[in-house]
Ligand code: ATP
Ligand code: MG
């Protein structure tokens, strides 16, 4: 079956539209949560349309209409297609519920779409307002006849048309549209609880963050840095990544955790190959404490099975046992190429590939173990002097910043928190 790809249509029908119809995704199935989800969606959509003062929102059961009132449809479609919970968007023409108006608007719509010769189509009319004098079937004929006459490129195929012109006749307006632009889908923001995400400066963890948010999780990010081994640029890169993520969330809370003391405590053990395992477990322990403090119920990482030594199944097993909280790994079965593709779409890729050192790359041993032994690791941790205190100190010394899409927040603004970190670095 050949249908007209949304990419080829996109933009064409927006030119003529004066409304956008936003459809919700799979969460509409969840009966009793529905109204809460829809309220969250409406709030998020309101936030997105704020920069367009003429736009007006109309909430209906299971959908939202955006009245454009002259605001740019194409630009708004692009922004709204990123809102979690919206499954598709149709640019809609709204006219008076009168036959001539409907036919006229349909002609104009198809003219904008400018179908190529051989395009099959059908009209799919629905009479919702029962006092309208023509029934749904009759409307299909009444609208398609003049279209066929005007556009020789069109022929009818009622079963699998390439182009479907939808007409919905309601009491106030008749809505006409022919395009279903796919949007991001998922669940509305924060409707599935809160988790702590371990955000490195790499490619994967920002994608894991986005994937979590798409499932309705609110995420707070936790980043470990190793002053003076990691640079100011490396820290800025993480802040910038959190800022890109905040475009999807409105605001992202970022905890910056000083990690040098913890890392150096492993240096004297003489077991370089276990370094990464020990560091990852320490990160999970600290993040678990932060999760308890912040009321989060899970941890999220950007791990993907087999990607590096610390992401073999035996490594994941030993690392994962450092926390009692559910450890979510949204990318665990994904291929790197697909993760990279997503990172590009989300807008984090270009930042992620900036070359600044991460705290783990610096301490990276020549041959990290792919098969750590849990008992040995636990023994090392139990015999490290003052280890528990160092972990607790790292939690205490964490600096928290709330990042917004258009702000320029940085820890520099948090004067009273700076003293708890390293002054000359911040
Ligand atoms: P990424 O691209 O997300 O860095 P990666 O494939 O490079 O992932 P690792 O560097 O081994 O893999 O890290 C695995 C996971 O551990 C990361 O996805 C991230 O969730 C977490 N992590 C690693 N380094 C840090 C850090 N400095 N701060 C916070 N979390 C980190
Ligand atoms: Mg990394």
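Yeah, the Cβs are placed from backbone N, Cα and C, and that goes for glycine too.
Here TrEMBL has 198, 199, 223, 224, 302, 311 binding ATP, and the candidate from 247, 251, 280 in that same listed site is 280. In the predicted model, residues of the domain 'THUMP' (74-180) average a pLDDT of 93.
Residues 198, 199, 223, 224, 280, 302, 311, recorded as binding ATP, reach a greatest CA to CA spacing of 19 Å. Local packing around the Cβ, expressed as the count of other Cβ atoms within 10 angstroms, is greatest for 223 among the binding-site residues 223, 280. Of the binding-site residues 198, 199, 199 has the largest number of other Cβ atoms within 10 Å of its own Cβ.
In the three-state DSSP assignment, the secondary structure recorded for residue 280 (ATP binding site) is helix. In the shown protein chains, 22 other C-beta atoms lie within 10 A of the C-beta of residue 311 (ATP binding site).
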